[in-house]
């Protein structure tokens, strides 16, 4: 009985849909057809299509101009060799491909450029600069050290700043004028970034700030804003630091970087003070520019990729059956 009811319901629905389709088709028979294209000669049709093509090309050109007529964002990313390096850089590059006027400065923690990163950047489709700067051995984390024990990426970020200052000093004319409006951001290769974040930072006068999600053992850390000004920071660890903020939570104008050559990251800074060692040369808290709806929206997350477990790979290698070393991961 239940099956017959279901079949009956399906039949009724099918009949109703078919009837509605028939009624719609009959209604269309009475509509006038725009037959202008059929009345055109072949030459007229070609001329019409050429006109439409020119309109389309003009629209595309205007759209491209809009994309390039915005301040440039220079993104400095420190990176180092590990199993997930290429995966991290791939994910990050696919975000950057959607950001207009972005120049990626990738700085390897290496005595020389590696072929993996060199080939990756060449195929990335991005505007980029490839640098390298080896971290001194006494500043490197050793196997088993907690990630917070020593500041990471200080030398590489400083190398990116050095390149920017030299490039800016050599710029002339329109290029120099464009650099006046440019912005610098420090993007680690394991974080997650909303595209909206880059539009928020693009118009930075000195230093702009916003919340960062999943950081410091908290759901988020953020600048607290009152009457349009940053008055303190919502953080769970040492809120009395000069700038208790994550590296992903601020951008600086290239103009400020150029006019304050002493601004750099202190590789010997104590835990949690690396950002402050740089920012204290540029601004006071009163100068900070709150973005992301007065620091109420999270647009960047301090995510971390899990370290791959290679137990089976190690076992196979001992048997001489390991993965082909010529296949790049």
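Positions of Cβ are set from backbone N, Cα and C atoms, glycine also.
Automatic, uncurated: that is what TrEMBL annotation is.
The feature region 'Disordered', as given by TrEMBL for the ranges 267-287, 309-329, sits at 309-329. Ranking the binding-site residues 78, 152, 303 by the distance of their Cα atoms from the Cα of residue 221 (site 'Interaction with galactose moiety of substrate glycoprotein') places 303 first. In this structure, the recorded positions 221, 275 were compared by how many other Cβ atoms lie within 10 Å of their Cβ, and the smallest count belongs to 275. DSSP assignment over the region 'Disordered' (309-329) gives 8 helix, 0 strand, 13 coil. Listed in sequence order, the residues of the same chain lying 6 or more apart from residue 78 (UDP-alpha-D-glucuronate binding site) and placing their CB within less than 8 Å of its CB are 107, 109, 152, 153, 156, 157, 188, 189. Separation of the C-alpha atoms of residue 190 (UDP-alpha-D-glucuronate binding site) and residue 275 (active site, proton donor/acceptor): 18 Å, rounded to the nearest whole number. Distance between Cα atoms for residue 80 (UDP-alpha-D-glucuronate binding site) and residue 275 (active site, proton donor/acceptor): 20 Å, as a whole number.
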